[in-house]
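Let me begin by presenting the structure, written as structure tokens, before commenting on it.
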Amino acid sequence: MSAKAEKPPSEFQQIKAKFAAADAAQATELADKRAKDKQVALRNKIARRDFTYSHGLLVALLLSFVYLHGVGIYLFTKGFLLTRLVLEHKSSCDISPLQEYGDAALPNVDNGCWHPRTFTKAVVVIIDALRYDFTVPYVPADNTSSPHHYHNTFTTPYRIASKNPENAVLLPFIADPPTTTLQRLKGLTTGTLPTFIDAGSNFAGTAIDEDNIISQLKSLGKRMAFMGDDTWMALFPGLFEEEMNHPYESLNVWDLHTVDNGVNEHIFPLLERKNATKWDVLFAHYLGVDHAGHRYGPDHFAMTEKLKQMDDVVQRLVDSIDDQTLLVVMGDHGMDSKGDHGGESQGEVEAALWMYSKKPVFGRLPKELLPQDEVRSVAQIDLVPTLSLLLGIPIPFNNLGAPIAEAFLGKRGEEGMKNLATVSRLTSAQIKRYQREYTGTKDEDIEVDALVKTTWEAGQKKWEGLQGKWAKKAPGAWAQVYSDFSSFQRETLRICKYLWARFDLVSMGAGVVVILSSILTLAIYARALKGDSIQLTGFYLGWIRTGLAAGTILSLPAAYGLAEKLEVPRLHIVLFGTAIGIVLGLLGASMVVRQRLASVLPKSGWGVLSLLFAILNSVMFGSNSFTIWEDKTITYFIATFSVCSFVSSLRRKDTRTIMMGAYHSIMLLILTRVASFSRLCREEQMPYCQSTFYVSESSSVSASWTLGLLFAMALTLPAFLGDFYSGTSSYHGPAQFYIGWAFRFGLLLVAAFWTLDSADNGSWYPQYDALIKGSKPIIAQLVLAIALIAGNVGFAWSSLCLDVEVKQTNGNGNVTFKPGTQVTSVGGRTVTILGYANVHGSRYFLLVLSWALALILLQKPMGALSLGILLYQILTVVEIVDINNLSSSSIGPVILALLGNAHFFSTGHQATLSSIQWESAFIPLTTIRYPWSPLLVAGNTLGPQILTAMAVPLIALWKAPAKRDIKETESLLSRVGRATATYILFQATIAGASMMCAGWLRRHLMLYRIFSPRFMLGAVTLLVTECVCVLMGVGAVRWNWTAVAEVFGYV
């Protein structure tokens, strides 16, 4: 009997089994997916930690180079820009410098300490920046010339001096550079010479601790009143009578009237007869002329109005004083053709001096004693002994000035010349006493010059021969005595200038060694390391720590053992030791990993071009002519790169790539040429240069047509920048809002600000002056808020410049691709990620744009247009770098550095102190505020370099996808670090070259006019740009990277 057949499963059971199998498969798939997600999450967590750690190490390594450069510049500066020794000795009324030569000293405070006084009271008026040619009649050079706004307006001093020469004298008053107000006040009150480094303290004055006229008057019980520039309060705290002390803020150069009106409000009541006993000496410091020059330039109707006001003031002073009061009106310095000062051009150093008295006390030197110059001039330090002797007070101990002859020749004939010889001998004796004390303190012998000894001995011998009742006094004998003592004073001054131009070669050499060694080690890290340099960052830092520790330990005992022998401060030895320790640590690490090192010398044509640019830019600092014309040279370098990139683009295989490469190369060349048309010529470039930055060469006012260009830029520049984003389909999300709306709105506000400024300058709507003045800082602060607050916060938290496009596939399955996209097919549909190919660069550039808006605000209109061009050029450079596959080459960072330096000149700057646009501190502010005011001036001066430094990471980030290609041997962070290091290397090379050339040419006639300012510009540019590069540029890469990784992951 057969077995019963097995019953087949029902249809329901079959379906159930299939569902069970599907559930099991899905469960397995979900389990696998969860396991994979956990693995991916773990890998992302590890990758994020590794990235954060590597990024921190990179920043620390780059900051070690910042430290090396800071130490090198500090050491060189301390040896190069020396300050003179200040003696604390004080002259005393009781001890005449002539007592040691047997003269009977009869000090009498009431009649004069060392010499009988001429006046009991004095009114000393400083009209800031009163240039000599403002005070004399205009004489046309030819039939075509015509007077300027500053001519034939301030006429009272010349008219009185010409009509009554025995009552007044008007002379060119020559300032010793640097021609900044604070240094001039020191010279005018102490009789000493400034040093070049003093110019940097113009806005941070400290009390004068050496002997000066003000302290001498105070010690003799004289009551002094003051009104005007508050710089005096920092120099002479507590020396003026509190109830007659009226200082006003001095640095707001846009305010022409507050200080001057305040001085007038207080000075004339004190000159009334009822208040005559309240004061002995009155000091007044007017600022309107100086501010008019800074704001408008000298050739402007505002200068005419200020000079007319000063002329009325002087006439009122003449009418108000009595015959026992000396009136002194002078400028502390002059101004150049644009109204600026700080350097040593003739216009800057030639101020005016006018002395007036109602009694006839002034005379004139005989022709045989006059110099060969057409107009006799006096040095500003000569005012110190002159004013001291006229008022009967001791000459300040450190004085090097000579008495002004016209003030002591009032008596006719030999009596007048005898009086002049007497005060000249007295002044010479004080200078000789200073010589002796300075020699003993500083171990520098001022008396070594034979001519100095000869002139003193000759003058003293002739003086002694004229003493006694029966002494023979031949005609002209007193003139010979005066001539000998004047020669003594001139020779002593010459020797002191030479001594105070001495250089500390040890400190200078140490600074050069640190800079050169830092350049070597930076070149190894930036250009010689093969592969991914991030892998070795921690290794290098370990060696740096070891070298730093060793250098510190070894330098501390050396500092105590060598400081006195080398005559350098111990701090300098310690700093040098730590710097050399870091350098040796870097070199030691490089030796250990030498198998990873290639040659520092370039192996490609682009590398050779980069090196050539660096070498040519460096060696030209050895020539004053090339240094003067640096702006033209840099333009030539950029043009050369443009031509080379054009030729290189033609060698690409893809037609579209060829077209885009050629287009960007041509645009870079054209825009470089256009930007070069904006220029501010320095004095040494004349007459081969024509300034276009302002409306004219004798003005500091921008042309009105630039306002129209600002509005045009606001409307068009965002669209042009958006085109770069459209090329990679990145014009989405935050890019649309910030470029299309926020940035455009900020530029419109900038244009509105400068329109209101022009309306204020030109008094277009005088009835709305208060409203216009009040609106400007509000608009400027709004722009800065959009740029720096909203821009930075938005960058930190914004999304990526991406969009997702979902489309059904065509019937044939074909998909149309867009450039810069990532395409994925899912179930018959295509998911396109727009902007994927430039996800890093498109987002990072928004930060550059934020900073650009702030920097554009801080520029004058032509400078703002120049920065707009620079923004476009930055994107053309990164496009050229991408098209030619140069993201790892040195050429990209070098061209960015050259662009920054080129636009430094096209934004109205030069390597001179007088070209600093101090008024930029008052764009968003109405008063000086620290630290904001110096930062605003720095942003104006170094705006192009700051902008290119911020853009350096774009060399690596532009058109870099979210995921690293597995074939790439170098990570994106490594490329960012390499580009940053290369940029810093180029700036360090420029700074080091300018440093060495300034040191080598330290005895050159143009040292303080050309080479020193260029060295200081190079040093400041290096320190500022590398700090921006490392802290802001590389620092912001972390935020950028994190935003990308949150979407696409770290792995």
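Just so it is clear, glycine is given a Cβ too, placed from its N, Cα and C backbone atoms.
Because TrEMBL annotations are produced automatically, they should be read as predictions rather than curated entries.
For the transmembrane segment (53-76), the list of distant contacts is 507-508, 510-515, 517-518, 521-522, 525, 534, 537-538, 540-541, 544, 572, 575-576, 578-579, 582-583, 973, 976-977, 980-981, 984, 988, 991-992, 995, 999, 1019, 1022-1023, 1026-1027, 1029-1031, 1034-1035, 1037-1038, 1041: same-chain residues at least six beyond its ends, Cβ to Cβ under 8 Å. Feature annotation from TrEMBL assigns transmembrane segment to 53-76 (among others).
For 505-526 (among others), the entry in TrEMBL reads transmembrane segment.
Under the heading transmembrane segment, TrEMBL lists 538-560 (among others).
The transmembrane segment annotation in TrEMBL covers 572-593 (among others).
Proximity of distant same-chain residues to the transmembrane segment (605-622), defined by a Cβ-Cβ separation under 8 Å and at least 6 residues beyond the stretch ends, is recorded for 527, 630, 633-634, 637, 640-641, 644, 884, 886, 889-891, 894, 898, 986, 989-990, 992-994, 997-998, 1000-1001, 1011, 1014. What TrEMBL records for 605-622 (among others) is transmembrane segment.
For the transmembrane segment (634-650), the list of distant contacts is 605-606, 609, 613, 616-617, 657-658, 660-662, 664-666, 668-669, 672-673, 676, 880, 883-884, 891, 895, 898-899, 901-902, 905: same-chain residues at least six beyond its ends, Cβ to Cβ under 8 Å. Residues or ranges marked as transmembrane segment in TrEMBL: 634-650 (among others).
Positions annotated as transmembrane segment by TrEMBL: 700-725 (among others).
Marked as transmembrane segment by TrEMBL: 737-756 (among others). Proximity of distant same-chain residues to the transmembrane segment (737-756), defined by a Cβ-Cβ separation under 8 Å and at least 6 residues beyond the stretch ends, is recorded for 702, 706-707, 710-711, 713-715, 717-718, 721-722, 725, 731, 772, 775-776, 779-780, 782-783, 786-787, 790-791, 794, 846, 849-850, 853, 856-857, 860-861, 864, 923.
The transmembrane segment annotation in TrEMBL covers 778-797 (among others). If you look at the transmembrane segment (778-797), the same-chain residues 6 or more away from its ends with a CB under 8 A from one of its CBs are 734, 738, 742, 745-746, 749-750, 752-753, 756, 843, 846-847, 849-851, 853-854, 857, 923-924, 1036, 1039.
Residues or ranges marked as transmembrane segment by TrEMBL: 844-862 (among others).
The transmembrane segment annotation in TrEMBL covers 981-1001 (among others). If you look at the transmembrane segment (981-1001), the same-chain residues 6 or more away from its ends with a CB under 8 A from one of its CBs are 62, 65, 69, 72-73, 76, 80, 503, 508, 511-512, 515-516, 518-519, 522-523, 525-527, 610, 614, 617-619, 621-622, 890, 893-894, 896-897, 901, 949, 952, 1007, 1011-1012, 1014-1015, 1017-1019, 1021-1022, 1025-1026, 1029-1030.
Sequence-distant contacts of the transmembrane segment (1013-1034) (same chain, at least 6 residues past either end, Cβ-Cβ under 8 Å): 55, 58-59, 62-63, 65-66, 69-70, 73, 77, 80, 621, 627, 630, 851, 897, 900-901, 911-913, 938, 942, 945-946, 948-953, 976-977, 980, 983-984, 987-988, 990-991, 993-995, 997-998. Taken from TrEMBL, the feature transmembrane segment covers 1013-1034 (among others).
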Tertiary contacts of the transmembrane segment (700-725) (same chain, 6+ residues out, Cβ under 8 Å):
293-297, 300, 338-340, 693-694, 731, 735-736, 739-740, 743-744, 747-748, 750-751, 754-755, 758, 761, 801, 835, 838, 842, 849, 860-862, 864-865, 868, 871-872, 875, 879
